[in-house]
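K.L.:
Below are the features I grabbed from TrEMBL:
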- A:6-25: transmembrane segment (TRANSMEM)
- A:37-55: transmembrane segment (TRANSMEM)
- A:54-262: domain 'ABC transmembrane type-1' (DOMAIN)
- A:61-82: transmembrane segment (TRANSMEM)
- A:89-110: transmembrane segment (TRANSMEM)
- A:141-162: transmembrane segment (TRANSMEM)
- A:195-219: transmembrane segment (TRANSMEM)
- A:239-259: transmembrane segment (TRANSMEM)
Amino acid sequence: MAPALAWLTALMVVPCALVLALAFFRRGTYGGIEYTFTLENFGLVFDPLYAGIFLNSARIAGTATLIAVIIGYAAAYAIAAAPRRLQPVLLFFAVLPFWSNYLIRTYAWIVLLNREGLVTQLLRWFGYTGEPPSMLYTEGAVIAGLVYNYLPFVILACYAPLSRLNPELAEASRDLGASVVTTFRRVILPLTVPGIAAGAVFVFVLSIGNFVTPALLGGGRFQMIGNLVYDQFLTANDWPFGAALAMALIAIMLLVLMAQAIATDRASGHAAEARSNVDG
Amino acid sequence: MSEPRTLLQIDHVSKNFGRVTAVDGISLDIRENEFFALLGPSGCGKTTLLRMLAGFETPNDGRILLDGRDIARTPPNKRPVNLMFQSYALFPHMSVRANVSYGLEMERLPAAEIRERVDAILATTELVPFADRKPEQLSGGQKQRVALARALVKRPRLLLLDEPLGALDKKLRGAMQLELKRLQHEVGITFVIVTHDQEESLVMADRMAVLKDGKLLQCDTPHAVYEYPADRFVADFIGVMNFVPGKATADGVLAANGARIAGKLPATLSPGATAVASVRPERIRLFPKAQTANRISGTVEALAYQGLDLQLHVRTPLSPKPFLVRVTADAADRRPVSAGDTIELGWDAADVRIFKD
């Protein structure tokens with residue numbers, strides 16, 4: 001317990017406290033920090049310009065999360081339904097992209113989506129002759145990049161509860177008169193909520209603070225909070241405002257984690273029971 | 001009583017998984033309001049047969065007629081048949097009441113009727129105090145009753161029970177066997193139970209089918225199956241049996257040591273064939289009268305006291321295995337026997353069953 005606490009204090013609490021403290025100081029005229037107390041930085045966070053960026057980031061991250069959860073859940077469902085000995089192989093392929101660098105994976109999308117990229121070439125091969133579609137440097141490209149990069153998290157998080165689900169529960173539902181769709185909606189889905197919540201939190205938290213994907217695939221046209229924080233520290237040299245933005249971001253993430261904890265808590269007793277049913 | 005009506009007709013049903021034949025051309029009739037048991041060792045096909053009745057497996061061949069209508073290809077949610085799962089398969093995220101209501105909600109019945117029927121079945125199964133509990137807060141016996149209530153509330157034409165008492169301890173099992181029989185009588189629904197426990201089917205079933213390697217060996221009342229087993233396997237599987245191997249003769253079996261066991265030869269066996277004579281432990285008497293048809297002396301090897309009766313292991317020249325003899329505690333008190341004693345055993349020709357070996 002003690003080493004863990006020391007570790008957490010040194011690497012989490014102290015840095016966060018430093019950033020938090022920084023947010024209450026004034027920016028020096030030529031950059032740097034002026035050590036006088038102010039709440040200005042937090043006030044500025046709610047300025048329509050910046051609040052708009054927050055909302056935009058939340059929207060982009062939310063869309064990416066929704067798409068990743070739908071695709072990831074379906075993939076996890078298919079893997080859990082595959083023959084037992086095939087499942088580890090399929091999971092291996094699902095996480096294979098993680099073996100390459102995040103930047104390389106993101107650059108790959110530039111190769112795919114740019115004006116004369118693979119997608120355009122494929123269209124041409126099928127006989128398309130018009131203007132190449134503009135796909136790169138759009139919001140869609142940013143979302144695609146986020147979904148692609150974080151999809152394995154969702155697959156792994158959803159696979160765990162799906163593979164532990166007693167298959168007789170679905171049979172019992174069918175036996176009692178439920179269709180396949182009703183069985184999914186009323187039995188399978190509620191029992192796998194913890195996995196969905198965990199996967200969704202991964203994608204949302206990593207997406208909303210992301211600055212690499214918006215920079216590369218959004219071409220700087222789409223500012224997300226991550227880019228804003230990056231700019232305050234490294235370009236605008238306004239560390240106190242950057243710190244206030246970072247704190248606001250952390251606050252959003254804490255809210256999301258709380259929501260996940262509540263969703264999981266409601267479903268957790270059921271998940272434990274679903275597992276214990278298996279050995280019956 | 002009026003002529004029993006056939007409810008379910010299993011007609012030459014076969015099922016194979018790849019190259020493995022799980023059910024091999026089984027034909028059975030199950031009657032209205034009957035307590036029917038499917039019995040056999042594990043891997044005999046009884047669970048596959050049950051799953052075909054529930055609709056989770058489709059037969060490769062044959063018909064399953066319920067009230068004369070072929071349901072072999074009807075999906076599980078569209079047939080008036082319910083299954084009580086061995087694992088109970090209660091929905092862990094729903095209360096007892098929600099579990100029991102689920103099947104009626106699927107029928108889109110009015111809320112008031114659902115409530116009324118659920119209340120009634122919860123009362124019958126003595127689950128009213130647990131209605132708002134989640135399955136994880138219930139004991140094994142209570143879970144079993146919820147599973148039963150959840151299936152019964154649908155008022156199926158046929159209720160299937162897969163090893164319903166398998167997860168309960170021995171004492172509770174005895175109580176639940178009688179409880180199940182009482183319930184079946186009360187609700188007037190045909191029960192088909194799958195079990196590997198021969199004692200369970202003898203106690204509960206009106207009629208039973210013994211299966212082995214996907215084939216039906218015998219289908220009859222427990223009394224008939226116990227007293228007149230169809231073959232050596234059934235004789236051995238149901239209850240305890242003493243076997244004397246030898247050759248068939250016109251009036252019995254000639255044992256390897258030259259002794260003759262008197263008994264009626266079945267029509268399927270002709271003198272000279274390899275045969276086995278058998279007799280139940282409770283049909284053997286100690287110190288038999290002189291006119292008893294079959295008599296042999298042996299040495300008592302061991303005694304097992306079982307409260308109600310005494311089980312003796314008696315070594316005789318008739319068979320490689322010692323004879324099992326059951327003597328009532330009363331009889332044992334009158335003429336005590338101890339290990340090492342040489343005693344005479346005797347049994348009537350009418351109690352001998354002879355099978356092909």
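Using the three backbone atoms N, Cα and C, a Cβ is placed for every residue, glycine included.
Mind running through what each feature is packed against?
P.N.:
Tertiary neighbourhood of the transmembrane segment (A:61-82): same-chain residues 90-91, 94, 143, 146-147, 150-151, 153-159, 162-163, 165, 192, 195-196, 199-200, 203-204, 207-208, 210, 224, selected by CB-CB distance under 8 Å and a gap of 6+ residues from either end.
Same-chain residues lying 6 or more positions outside the transmembrane segment (A:89-110) and placing a CB less than 8 Å from one of its CB atoms are 75, 78-79, 82, 117, 136, 141, 144-145, 148-149, 151-152, 155-156, 159, 212-213, 216-217.
Listed by sequence, the residues of this chain that lie at least six past the ends of the transmembrane segment (A:141-162) yet keep a Cβ under 8 A from its Cβ atoms are 60-61, 63-64, 67-69, 71-73, 75-77, 79-80, 91, 94-95, 97-98, 102, 105-106, 109, 113, 135, 188, 191-192, 194-196, 198-200, 202-203, 206-207, 210, 213-214, 216-218, 222, 224, 271, 274.
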K.L.:
Let me spell it out: take the transmembrane segment (A:37-55), skip the flanking residues so only those 6+ beyond its ends count, and list any with a Cβ under 8 Å from a Cβ in it.
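P.N.:
Distal contacts: 23-26, 223-225, 228, 240-241, 243-245, 247-248, 252.
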K.L.:
Could you pull out which residues elsewhere in the chain have a CB under 8 Å from any CB of the transmembrane segment (A:195-219), counting only those six or more residues past its ends?
P.N.:
57-58, 60-62, 64-65, 68-69, 72-73, 76, 102-103, 106-107, 109-110, 113, 136-139, 141-142, 144-147, 149-150, 153-162, 225-227, 229-230, 249, 252-253, 256-257, 259-260, 263-264, 267
